[in-house]
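J.: Please read through the structure below; I'll follow up with questions.
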Amino acid sequence: MISVLNTIDTGHEDMIHDAELDYYGLRLATCSSDNSVKIYDIKSGTQTLAADLKGHFGPVWQVAWAHPKFGNLLASCSYDRKVIIWKESGEWSKLYEYTGHESSVNAVAWAPAEYGLVLACCSSDGSISTISYNQDGATWDVKKIPGAHAIGVNSVSWCPAISAELSLDPLTNKEAPKRIVSGGCDNLIKIWKEQGDQWIEEKRLDMHMDWIRDVAWAPSFGLQRSMIASCSQDKRVVIWSSDDNISWTPTILNTFDDVVWSVSWSLTGNILAVSGGDNKVSLWRENADGQWLCISEVAKGLGQPTNDERSTL
Amino acid sequence: MTVHWSSEIMKWEYRELQATAMSVDYSGNNVLLAGRRWLAIKHIGVDDVPTEIVKKYPRHSKYDAAGAEWCQTYPGQKLCAIASNQHVDVYEWRAGNDLMCICSLRGHTRVVSDTHFHRQDHNLIATCSIDTFTYLWDLRDTRKPVVSLSAVAGASQVQWNKVASHLVATAHDGDIKIWDYRKNSAPLHYISAHLCKIHGVDWSPHHEYQLVTSSHDGSIKYFDIHSARKPENVIMTNFPVWRAIYTPFGSGLLTIGVGWGGLPRVEQAGVIGIWIGGTLTHRLVGHTDTVQTMVWRPNTLPSNYQLVTWGRDQTLRLWTMHPSLLKMCSHYLPDDIENDDNNSDTSYASTVSSMNDLSVCDSKGHEIQMNKIVHKTTTSIDEEFESIREMANIEVTDMNIETRTCQIHSERNGYTANLQVTFPRNVTEQTIPKFSWLSGTNVDGATTIKILQAINRTANRKKKEGHRCLLHCLKTLATSIDEIPVKSSEDSDSMKSSQRSQSESENAGDSCIPFPRTCGAKWCGVSTLVVFNRPSNARRLSLKHETGTPRSMSSLSLTPALFGTGYTSVSPHATTTPSPTNASGFPQLHHRHASNSITTFYFQDRWKAQSRRAGSMRSRGSISGCTPPRVVLYAASSLFPLNRTLAEKYYINAETPVDMCERNAKVSSEEGEGELSHAWGLAALVAKSLAARPVDHFISSEESMAWISHPLCCNLVQALISHYAKSSDLQMAAMLTCAFSVFNDTSNSGSQSIISTSSYGNGNNTSPYNTITQYSEISADGWTLPVILRSNSCSEAENLNTEYSATKSEPSSACAIDEATVHLYHCFKRAYADVLHRWQLLYKRTEVMKLVRCKFDAIPAGDGVGEAAWECAWCGRTVRGAACASCRRLALRCAVCGRGVRGLAVACALCSHAAHAQHMLAWFAEHDTCPAGCGCKCIIEGNSLWKGVKYV
């Protein structure tokens, strides 16, 4: 059973498209079709609006917090083709604005902190960009994968840095090969590996029959097995698992009633949260036999004030 | 360039007809005017007396004629269609006298917005309506449509392709759908063209694959249907554009706007603009009110194109195109050799004079007499086709004597040209075939027009000379293509990108942007689930033909609620499509703002209901009255075997594993975690046996071997750890590896001395980009200098990573674990340290991180780990290892005992003298000045040095 910790009336003037807590779980960032990003301080059942960030000129699709060792940084991406990195230093302000995409930027994801301050973003113009902060010159270096997916890229996720590869120093994992998984409108999932200066397509996973809406690489704590969850317009969620990051085995988690919009792994990588167009959220866990079972589901009306206090998943 | 203007050459006014629609017949001589009470057919000829009357036919209908159209084929030239409210009446004009309604097409449930006869088959007519359907009717059986094309938004325009007979385009609000009517289940192409309603669609007369759209948002866009994501070109005007049509010659464009760029609307309402190459170059001025319809008069000479217009000022006007205009459109002039010079300087006032060599039209209809009769031998179509059979470089892909068309494919220099040649049916000697480009052509638009003109010129010349023209035309095609500069890949790339950036100002096509998420769940922190979704009262707009939520944002533009202010609630009189005939003129300008769309998508019902009730236009898209969006945080800690209280209470001391296990067993039983307590108990047993190992040294080696394989030894611990790891109990797995990290050590520590190094990160969390200053010490024999190493690696910000050093040399063979497992265990610890960090248990985290050992432990890997360097006590070189490489002695010498230091050393932060940790402790228990005799009061001053440093 899980219980409501906090209910936040966001005060957004339009639909919310993403919400994320920071590393410590003390701050909530939300973004909405009203073109704004809001940050709330969450403390024991209460919330205070800490910042209302206005800088986008279109609906904001996603927000992402960076690891706190880089400071309080938040990245947001929008329909207006921009990615903005916000920084708190007393006040929240724009640290960097990336305008290298030619269409709506659909997702942003920070790399594992071990790689430094690196942000991946993907756009409907079909390309993926990685923006990395260069400490020497205090500049941002941009690398782009043009034409990563035909029509557009909808989601991107990083391979965790903690890796079972032996040659790596467990303390830093600096040398771990950087990998990205992306999903796009060509119904494909692609795994990209950084080689030298470039991102090379390492693998493509073909299973879905419609646009991929979200991909998520499961955090691993060193176990050999890597897992990627993907969800699609075809109403299916697929779990891809691999022992070597090269051959991947798909398992269909479930076929849902409506399109599936997002998948999210828990920190220990064993519970998957799935949500989609039917306004439902469900949690899934793999049992000992390798079968995925739904452990709880929220039917609807999660935001309803009436059963808020009581509602349990 | 200045904008020229010219007036009409003919004008008739018919106020009494109150016509709202106009069409010109196939012959180009009869104009149909349709109004609520009258249908009238006006005969026009250039030499007509302006007031010559028309044939009037009473029509008794309470509805305006939303559209009127003559069939534009020879066999069907007597047919015309009048759209009236929900049905379409088809009339036949018999014997030039009698206008009979032959059938009425009834099928639409809402007002019909447009009709279009098929360009070849006179029995086929397409009708579209705001009921979202586009029907194709066969006039031989009109009970029901033969084909039905369905969309989600009402259609405002339907247009048959001018080249390919199977293609039809429909406009739905801001989008265009291209259909192949033989495959009616789904559109071939979908173009998300405009932010606002599209008023007009026109296919290119020269290209199968090009069309132009005009919209209420003031833009005119050229599209290639095969690359529909971005328009080929965009013309921005600052007025809503009612119609934009191609000129039949060259590359021009005619537009009707409402209001005119910057000019007061009243003055300029009836102006028709002519655009060439994206700029407004000419205006046709005359109408005093908005122009409703403009059509090119069919069957005119290539040198004399005429435009027929009908405006709200109830006048019918006829316009000619000035030759210099044709030239600007890079249109070939048949006799440009003769009157080349004349034209260049003729003023626009002389427009009328060019009327002299106009064709004289026969009142009977279709046959056109040419003013220059040409003789010579007739060439049949068979001969024409036969002539091209053996041409090199040209491939005839299709040839049809029936329809008098052939299709040519040619590939040269990387350019592909697909050309369709159509020979007109009622050929006179001088009529040249019609050439148009087909799909697959990769020559850019402007060049295709130029080539086309060159071909036309050749055709015209050859025809004049009385020869077959096709062969020569194709030769011209081949040479023209050869003349195009060969594109290098770079060029084409840069061209593409420049085109792209040009069109960037426009929306890139929402059809490739995923439909916005309005519901989501994300795991954040350690065990918090962040959930947001739509309020339960949100109900999705039901889309008839789609199941589930749409995939792209373009679907939002298809919601009917976006345009007009509710078609349902208004009286039927007003339900005609928005057109200049409506008193209110054009619909309100609705910017398709995505935020409005997504809300409207889900709250459409609500909005409709409210607007109906209120009877007024309330602001759309606002979600006031709906619950404000909220985010709910769920604590799901019970789903995970991670316990913060336990983490806080757990005792970590790898030096005394037995103690650690026992204390943790107690802690977990206090917390009610019986199972964990039990596991800790087991671990304590193992730890005890292992700790007892040194004593067992004296036992024979056989027994020792047996002990190692004893189930209570490492196997048990490993089994426990892997059990917890598999069940995702990271906390327990990591804690056990912590407890047994001493035994996990595979390095043969006996042979290697480990120098402890300390790095003190300046952990100021708020400014992570500061270069972290690290203090490290150099200790020499007597005098030392503090050295400050600067680091520029982020990972060094990992605060206070003190590398653990095994001072006791364990008999490492006791519990041999392979390298991979050790690595795995380190990974557990790291992951657990991350969890502790998120819980803000920073000291616990540091304790765990201390136990994470680098495989290359003796030499910390490069700049990855905090590093200490010291000056060799003997030679003075800076040394980064235990021993100096050059003098091969232990580099660091204890300031107290004077011997080389292995193991833990402590240095004064101020004077940097170092000594054995134990010696230093003993020394400062009695003294307060440096043992090296430098006079530094290490305890007092050294401590104050650290006061400013904050550990996080």
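Each Cβ is built from the backbone N, Cα and C atoms, and glycine gets one as well.
Note: TrEMBL annotation is automatic and uncurated.
Annotations for this protein, taken from TrEMBL, read as follows:
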COMPBIAS  B:485-494  compositional bias 'Basic and acidic residues'
COMPBIAS  B:495-505  compositional bias 'Low complexity'
DOMAIN    B:892-939  domain 'WDR59/RTC1-like RING zinc finger'
REGION    B:485-511  region 'Disordered'
REPEAT    B:105-147  repeat 'WD'
REPEAT    B:158-189  repeat 'WD'
REPEAT    B:191-233  repeat 'WD'
REPEAT    B:284-321  repeat 'WD'
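Are these features on the surface or tucked inside, and what touches them?
T.: Across the repeat 'WD' (B:105-147), the DSSP tally of helix, strand and coil residues reads 0 helix, 22 strand, 21 coil.
Secondary structure of the repeat 'WD' (B:158-189), assigned with DSSP and counted as helix (H, G, I), strand (E, B) and coil, comes to 0 helix, 17 strand, 15 coil.
Each residue in the repeat 'WD' (B:191-233) has a pLDDT score, and their mean in this model is 83.
In the repeat 'WD' (B:284-321), the DSSP tally of helix, strand and coil residues is 0 helix, 22 strand, 16 coil.
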J.: I'd like the per-state residue tally for the domain 'WDR59/RTC1-like RING zinc finger' (B:892-939) from DSSP, helix first, then strand, then coil.
T.: 12 helix, 9 strand, 27 coil
J.: Residue counts in helix (H, G, I), strand (E, B) and coil for the repeat 'WD' (B:191-233), per DSSP?
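T.: Helix, strand, coil within the repeat 'WD' (B:191-233): 3 helix, 22 strand, 18 coil.
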